[in-house]
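These notes are about the structure you will find just below.
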Amino acid sequence: MSKQYFIRQFSSSIRNYSSAKLNSSQIQYGPLSKAQQAFLDRIIRVDQAGELGANYIYMGQYFVLSSKYPHLKPVLKHMWDQEIHHHNTFNRLQVEKRVRPSLLTPLWKLGAIGMGMGTALISKEAAMACTVAVETVIGNHYNQQLRILMNQYNVDLINKETGEKVEKDDLESVKLNTSPELAELKNNISTFRDEELEHLDTAIEHDAEKAVPYILLTEGIKLICKGAIWSAERV
Ligand SMILES: [Fe+2]
Ligand SMILES: [Fe+2]
């Protein structure tokens, strides 16, 4: 028998071996429980409201500070652009998943632009202190959501052809454990969380801690943000 024959046999057995593992088109994900679905809706509602708020806070800061402090203009614009992207992402998810927006949306807009402009009118340091407070609360909130999405969203995987339950070892890649939708949501939240924490660092680099009275401002704004999160999750 020729050398080519053995090579052909060898490569065909490799193909057979790899096809024994299931790929994304061969599996389907079991349904989420009511509680899992309700929590996902809540995440999308509160994150959309939060990112809308962030978008309007940076808008307010930009309007007040960009002409007075030209060196801050690109810094604020960069952060604002990222917030616009975060906001647009959750707007899209809200439409795709048919999640109703927070009923208090007009209040979030007004409150956020007021907070952005108000702190910027006090001083540029106060605006940065506002950013520190907001991003601290949002960063923690995103981390809590990620922990729950990592730990409480295991669903059964089903082999489409046989209808049997699939074991994790039968998958072509461990990534297939998570449905594409859930993977996308986790990926967005962790990217946004990292960007929020960059905003926090930027605000500290730009003298947030020199704001007077720093503790009162940041702790007050943190309380407001926590109250807003609590309400947007529910109303
Ligand atoms: Fe954001
Ligand atoms: Fe941010």
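Cβ from N, Cα, C; glycine included.
Where the annotation comes from TrEMBL, it is an automatic prediction and has not been curated.
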Given that TrEMBL records Glu51, Glu83, His86 as binding Fe cation 1, the matching residue among Glu181, Glu184, Glu196 is Glu196
Result for ligand 1 contact check over binding-site residues Glu51, Glu83, His86, Glu135, His199 with Cβ cutoff under 6 A is Glu51, Glu83, His86
Counting every protein chain shown, other Cβ atoms within 10 Å of the Cβ of Glu51 (Fe cation 1 binding site) number 23
Filtered by Cβ under 8 Å and at least 6 apart in sequence, the residues in the chain of Glu83 (Fe cation 1 binding site) near it are Glu51, Ala54, Asn55, Ile57, Tyr58
